[in-house]
Structures are given as structure tokens and as C-alpha cells.
């Protein structure tokens, strides 16, 4: 059959060539360079154009026209194809050699071995002219149209030139019938082999090799400017030995798809949408980047052993998932690095996808390790891999303690400990799969003068010759950084060799260098934390012996032995703390500071000192008693046990450090293991008695709570020596938190003598006494003071020189200190008080404390008040008159409760406060506003969930406070704490009773107290049972909706992104939450079913929304449900309003039909139906389309669906969209699926 000599070319290709004045070269570009589309210009090189006779000026003009056309492509319609007749004078470049034409009688066909989308494949035999029989695979094309035959001839000419080991070989073609003769791969399809259950499972290492061969073949096609277009596991063939794979169908898909009609409207089974990138599904563009995407899906098939990608999804579903950022999940039997290669192939932007050359490099780096089991591993854990000694394992994942791999003997997968295998790190890819180890600090160079003998040899690591081979090999690890020492050199030519293995110094042979191996812990063997772990089964039993004086007299250098804990994880498990690190101390005459284990003084200038005696601490480190007591810094914030007053609370610094060591020598023989316990007790103190807060001791120059003086021989690593004492002023200008320790009633020693006694007291004895006193204070005696909640107001009315018993109820937790060096007064800070929902009295502001000479109460009186508190009284009715209050600082009689009481009384003047009074006022505001910790954490004694407000009387106000009243503003609340019983347990067993919330459906009105959100007088609101329409009606207001329904409508403003949902809130246009039955009004967002929402609604939509009007329950704190009458009134008003607004100017037909019968839908109802049906677009588009259709909503819906398919680029024109919709009865998803194939 004679074939036509011509081709179909896009018109924009001819336009570019004509604008560049290259009409004479059109035949060469079309038939020689195969430029049929505009994007084919990118494959034409300048070298090729020079070979056909083009000049540099012509090439430059062509490039300019191509660039100009590329900028205009977005505004152009689809190109039209023009038939170009081939030039008969031009040599047939694409003509097939006569040797490639096979006569039909030489082919003998047998059984069917495969069936593809465009052809069937049968096994056959080709009898050559010399009589040789060759087994071949014959592909018989289904379509034999003239255009197909022309494309077949062109593609066959290219396939005959593509010779690669991983590409199927084309022997020739048969003209009649149209057949292509390929080499036969007896292994069959790779997809069938992966799914075959009767054969053994392929090793993952073999699968990795398949991926390497496929990538290499596709890289070869990329270099030849060939696009495969159908890379999949079904198009990969196996050889008989199953070691070689070959790609088939390359070039054929491109030849068939050059004709656009062959791609569109094809059956679903013929379109590999699961392997196609999004640009190929939308724009029918295939390139090398599309082959990269398909290659990623292919290796996903390989490592899932033949699973179907995107199973159960349609073409439109796959496109939606890809646009949403979803990708295929990680296969179970591939490593993380291979899955990363897949994700690199699945980049949404084609320009960001990697090339096949980079893919091959990544695959080499992700090659699997081979390991050998050094012992038998049998585990009953699910998913564990059973191993026998000597089994070979392919390691898939080698991160962590448990590895994942495949046993080569039984092809099973599972996890196993990395310690039971030995990884063959001699593989070239071992370093690539290992994690980069952390940098290990190198030890300083040791220079030993030759005049001195070498150090004493250490004991070898392990001299046990009876250890088995398995035990010895399990201790072998990769080389450690810095462990190779050049002790000899060999020269094959002679003359340059030096050194002998027999004369290597014992210092190098018997002193191991520990550290992280070069291959890191993830791929190497187990790291030995210390040398003792080699012989003690993983647990160190290091007990250093006392060195001899002869060894101590030698020159001291840095030891090669690392500390006992050089593995942080093991040290952390053993309870090791960084504060226990013992840094080495120099044996120099001066106490130099050692930082990081390095010494700034050279070894040549080091002076050796003979120690008087040897001493060792609990860890076995060598310590020496100091020759001279080094001066240290005294803590700048000592905790005095007795505080006299606020006037004399300045902290003084001691300038004589020798007083701290007056009584330490007598306790130097105390066991060192008691230090942590004493440290803990001193830091914590008595939890119920003194309440001393631990101070941070991490700063340099501050002792760790004065514990370092208990044992002067213990080397404290973080103490600084030879540092002069810092001179500080006598008074610290700051607010210092001071402790409030309890004192017994009989303890009345003066303050000055008590401080001296405390400073001279033994630290251990002080700790035991404090604990004893704390235990005594826990007993409910007659002199027990109520525990302080830490928030009481400071006692500013006590004279500084007055001596009285100290109790926790009278000592403030935050005591202001006198400031002498600050000239500018401190401004009072504004304290935000949390809102309260309890019915309390009108909020007031507590005035500043004033000085008064009130006789203090004794501890027995205070305890009696605490045991017998007055019950709180009900708050009187609140009036709108301004109320002032004066605070109460002390109770002169036992009738007043121990808690703070607020009294309302008129005042007329405002007192001028000093700086100290202002600070005291701030402290008292904080203490009075915050409730007791026990009431917050454990619950109060009351059965109500709200704190009761105590009512104060005029008799509880001191006379001094009455004489000097202070005006306050009633804008900030003063919450009084409920009284506490002294014998109340720590954890209260009483159950808190919930507070009943007010409801609008009750038969009678109930007063509801509003929470205080702004500094305004509280208002008691009465909620009526019936809704009374007394709210002002605006111009566009048809009905009022409570704020509860509007605020629960969506996540944004209801006017912009919501529409009514029949009284149940507002449905969201934008991103909203999923619909739930318990939360009506919420509807999930569908990225393809719904639009993104409109920012400006139409007039009809705006008028249908209820306005935002403040309701009565704005500050109620609880949502009031609507009654049945409210809902009916709201719905009726809204429908009337929507109907009146939408029926303003109806069409004549619509108005007639509406008036004729009640059953006909009104225009508003039709619009609502249209809005629901056309939820894929905006309401504004619906209104515009209805206007264009003269009110015909059905026609508007059809046009909207057609326009939506065009906007989604699923249809090339509205006519195509209309045909697809009519074929699917205007079912939009079905029509979109049909357009996608």
C-alpha cells in the first residue's frame, strides 16, 4: 500500500518560520528535525541548523521569534494543524532501510503473550534469509490508517537507530499487515513477575538494580530527545535469567499521540492517568519531565511488588489529590532515601523535577547494605526476622538500634537488632548510607622529654585467650577518628623505609583511643563506651587504685584515659548529672583555673609538688587538700532565718570569707555519699515550716548553697579561685524575695544575735534543725500558726525595732527593700485582675497602706483566728453610688477574721503616698486579688463553685485608717478569699458542686450577674421568658438574631463568608470546619465542589443576612438558646424579607406563574435552588448568569456548568463542554471524568 508523503504541523510552527524568513527551510524542520509542534523547537540545536545551511544571523532571528511567540502563547487559542507535503527533491531522511523491511512470509505467529492499548503481542519465529530461526515478539497494530502508517515509518526509523542494552531491540517492520518485530524477552513483564505468588520473592537488592537499569535507559532516551510517554512496570520486560530488564513501547506512544484525536475521549483503560503528571492530564503535554514523573510511579510499583497506584480513584480524583499536595504513600519494603527519590520525581512544577542523571546518582547513594548474622536470633516479637548464624541479610533501613532487612535464604522481611549482624562495610556504598558522625574533639599533643622515662604501662584490654571468636568479633568497631598513628613507613624501592612493628612504644599499643567510629553508630558495630565494658559485660566496675609516690613524682601530663562516662546515653541511664563532672586540678603552686581540660602553662615550665598524702573521692578521682584556703565569693543573697522589718531588709555582703570555714573541719570525715541528700534537704527545706525557696547555684562565684565547705578535700569543679571579693553596697536597690521561716513561740532571741548564731551554726546541724522544726510545726498544737498562702499583704505598720514572734501568717512572701540610689520614684504598675463570675460587691481599688501604731496580735491569737474563722456573709445589694474603701492591715481584736476584709465607707481626701507605700500597695493589690493556692488547686470548703465574698463591718477598721481615709476608684475588684481551716488536709476530699447556668426557658426570671470585662459598674440583667421586639430596627433590618447564632456561624465574619442555614447558623463559603450533628451550621470545605467564596455579596445576599445588633446576653458568659417562637419569628421575617427583595423586578413570565398558583416557586426560591446546585462557583456568577438568561435559572445552571469545565481546563471550548454535559445528562463530575478519559 502506498503511503502518503506529508505530515500535520501546527500553524504556529509555520508562523515562526515565516516571520524568521525561513520559508526555504520548512521541509527540513518538519521532516528532518521532526518539528511538528511549537515545543519541538527546544530540541533543535544550533549545530544541526548549521549543517543544513543556515547562517548565524538566521539562527539568531529564529531564536528571537521563538522567544516572542512563547510570550504570546498564553493569550492564543489552540493551534490548528496544517498538512505539509514533503519535498520530493529532499532525500528521504526518515525512510526505512530495505534491510529493516521484513517480508510477511518470514514471520510465523504463535500464541498471544500480551495485549496493549494500541496493539496485541504474539510470540513468533522469524526465519531469516540465511535460514536462521530467531524467536521474536510481534506487535500487531490495531489501527492501520494512513496517518498511523506514516508515523509508524518515522518512528521505526528512529527505533532502528536506538541501540541500548536496556532497550528492547527492533528487528524490523512488516508493511502488510502493519506489524513490528521485536526481540523476545522470555522473562515476561516485570509487573507479572512482581505479582506472581508461585515464584520466590525478589530481593530488594535486585529491585534496586532494576531501577538502576531503567533510569539508565531513560537517560539514554533523554539524550536522544525521545520521550517515552508510557513508563510503567507493565512496559518493562525481563530476560530469561531475570537479571536484565528492557523497556518496550518507547517511541510508539509518542508516534501515536502526535495526533491529538488519539488522546482525547479515549476509554479509561487506555489512558494511564495514574502514571501521568498533572500537566499531561490537563494540557496533553509530554516531555522528559513527564517521563520522570512516570518513572517515580514505576519504582513505587516495583517496591510495592506490583500494587496499583491510586487504586479505586478516577482520573479527576487523582488530579484533585495531586493538586492538594497528596502523593503515594511510602512502600513498606523500601528505604527512606529511595522514597525521597520518588518524591523528587513527583514535584508539581516540571522544572523542579530531577534529571535522570541525578536520579542515578541518588540510587547509587541509596544502595542497600549486605550483612552477615554473627549469631542466631530467634524472637517471638511480631515482625521480627529470624536469623541463623551465617545468614546473609539485605539491610533496608539501618537507623536506630533495630534494623529492617530481608533474609536472602528465605526472602522474608523483618526487624532485628543491629548487634546480631556484621555489616560488610567494605562495600563502596557503606559510607554513603551511614549518618555523618559528630565531630570528636581531638586530644592535645603530648610531648614527653626524652630524659624522663615513659609512663607506667597499663593493663591490656583483654588477655582472656579462651574467648570465642563470636565474642571477639562482636567487640570490633570501625576505626576511631585520630586513632591512626604513623609509627613506621615502608618503601617498595628501598632506602626510605623506617620503623619496625616490634619496636612500637607501649604507649601507642596499650592505650586505646575511644570515640565515635567513622561509620557512626547507625551503620557500624556497637561503640564501646569505656575499656572496662569489654570484660565486664557492659557495666563498668572501675575501681582505681592509689598510685605510688614514684609515679606521682613524674611529670604530669594529660591522660589518654577518657572519663568513665564518655557515652551520654549510658551516663544518663545511670543517673549521671553534669554537676558531678570532676575536672582535673593542676599540681602547681598557684591555683590556676582549668577550662575544658587544657592548661595554659607549658609542660616545660611545670613544677612538680610532692603531695603530703593521698585521698580519693567516691568516684575514684584523685583529690588533694588545699594548701591555703582559697578566698571565695559569699552568696549575694543569704537567707536569714529571722527578718525584723521592711525598713531593715537590706542585704549586706560579708568581706571576710574566713568566717564561713569556722566549723567545717570537724565534719570533713563525713561520708561523701550523704552530700546529695543534704544538698536536696537544704534546697527543699521544710515544705510546711520555713518555706525557704532554693536559690540558683549555677552562676560562677556562688557556692552551691554553702555545701562546698562541708568537705574541703572534695574538688569542686565549678568554683572559681583567686578571685577577689566583689565589693557591693550595703543595701541592694531591688525587690528581693525573702523567706518566711516559722519560729517557735518561746524563741525570742534578738535579731542581731540570731543572725550571728545562724552564721556560726554548722550547716548540717542547721539543716537537721530546720527539718525537725518543720516536723514539729506540722502537729496541730495550740501555738500553730495558719500556713501562709504566699499572697498576704506586707506588714508595713510594724516598727522596725520591734521584736515579736514570727509566724508565717504575718511574714509577707514578697517584701520590698529600701532603695537608696534611685532618685526617680517607681511608678505604680497596673495589675489586670481576672474577671469573676460570683455575686460580689462592687469592684473597688485597695488604697496604699498607711503607717499606724497598732499592737500586733500574738501567734496564739492568730492561730485561734485561723481555727475559728467567721463565716462569710452575703453581699448587700449593689447600688450605683460611688463607694470608697480603706484596707485593713491588722486585726486589733480576735473577733476579726485572719483573712483580708474590705469595708465600704465614704472618704473625701486623697493621701500622698511615698515610694515605699506605693510598693507596699502594689504588693497588697496582688496578694488580695489572687486567691489562695489551696483554693485554686484543691478546692475550698464551700460546696459552691464560686468563692464567697466576706462582708466587712465598720468595727474592723483601725482608728488610724479612719483618720486617714484614702479615696479609691470602684473600677478594679477586690476579691476576698474564703476562710481556711487550720486542720484542713492537703488534698481535700470534698466534691465541688457545679453551678447551674441560667436558661431562657425557665418560667420565672432569674438575675444573672455579668462578668466584669471592662472597668464599669456591674449590672444585673433579668432575662425574660418571652422575646419582646424592642430593639431598634435599622434601614435594611428585617429581623434580629442573637449574637450567639451569628458568632457560631463560621470562622470569619458572617457578612462576608456565610449565608443563612434556616436558623441553624450560617454555612461557610470559605475554609470552615466539618459538619457535625451537634454543631449545626458548619459545613466542610470542598476544594473542587465549592468555590473559594466571594468577598462582596450581592444586594440580595446582603439583605438576607441579619444585622449585628448587641443583645441582652452579651456579657452573660453563657449562650441563651432561642425559643420556638423566636425561631419561627426569625424564619418568617427572613423569608418575607428575602422574598420582597428578590421579587422587586421579576420577569413577566415569572410574575405570572407566581401569581397563578401557590405551588409554583418564587424567584427567591429558584435562586436558592440555583445557589445550592451551583455551589462550585460564586453567587455573583450565578446572579450574572441569571441576568443574562432573563431569569431562566435552569439555563443559567447549564451555562455555569459549561463555563466551569472550561475554567478548569477540562474542556477546550464551551461547545466541547456542552457535548460532554449532554452526554452525561448534565452530571458535572461524570462529564469531567469523561473529558479526562
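Here the Cβ of each residue, glycine as well, is placed from N, Cα and C on the backbone.
According to Swiss-Prot, the feature active site, proton acceptor maps to 230. When secondary structure is read from DSSP and collapsed to three states, residue 230 (active site, proton acceptor) falls in the coil class. For residue 230 (active site, proton acceptor), the count of additional Cβ atoms within 10 Å of its Cβ stands at 25 [all protein chains shown].
For 113, 114, 115, 116, 117, 118, 119, 120, 121, 139, the entry in Swiss-Prot reads ATP binding site, with the evidence type sequence analysis. Residue 113 (ATP binding site) has a Cβ environment of 17 other Cβ atoms inside 10 Å.
The compositional bias 'Polar residues' annotation in Swiss-Prot covers 749-766 (among others).
According to Swiss-Prot, the feature compositional bias 'Polar residues' maps to 778-791 (among others).
For 847-863 (among others), the entry in Swiss-Prot reads compositional bias 'Polar residues'.
If you look up Swiss-Prot, you'll see 881-910 (among others) marked as compositional bias 'Low complexity'.
Summarising the annotation, Swiss-Prot assigns compositional bias 'Low complexity' to 940-961 (among others).
Taken from Swiss-Prot, the feature compositional bias 'Low complexity' applies to 1138-1156 (among others).
Residues belonging to the domain 'Protein kinase' (107-369) score a mean pLDDT of 85 in the model. Look at Swiss-Prot and you will find 107-369 tagged as domain 'Protein kinase', backed by sequence analysis.
Marked as domain 'SH3' by Swiss-Prot on the basis of sequence analysis: 366-426.
Look at Swiss-Prot and you will find 683-704 (among others) tagged as region 'Disordered'.
The feature region 'Disordered' is assigned by Swiss-Prot to 741-802 (among others).
Residues annotated as region 'Disordered' in Swiss-Prot: 826-919 (among others).
As annotated by Swiss-Prot, region 'Disordered' applies to 940-986 (among others).
For 999-1018 (among others), the entry in Swiss-Prot reads region 'Disordered'.
Summarising the annotation, Swiss-Prot assigns region 'Disordered' to 1134-1156 (among others).
In terms of DSSP helix, strand and coil, the domain 'SH3' (366-426) has 3 helix, 28 strand, 30 coil.
Taken residue by residue with DSSP, residue 119 (ATP binding site) is part of a strand. Just so you know, the Cβ of residue 115 (ATP binding site) picks up 10 other Cβ atoms within 10 Å once every protein chain is counted. Note: the Cα of residue 121 (ATP binding site) and the Cα of residue 230 (active site, proton acceptor) are spaced 17 Å from each other.
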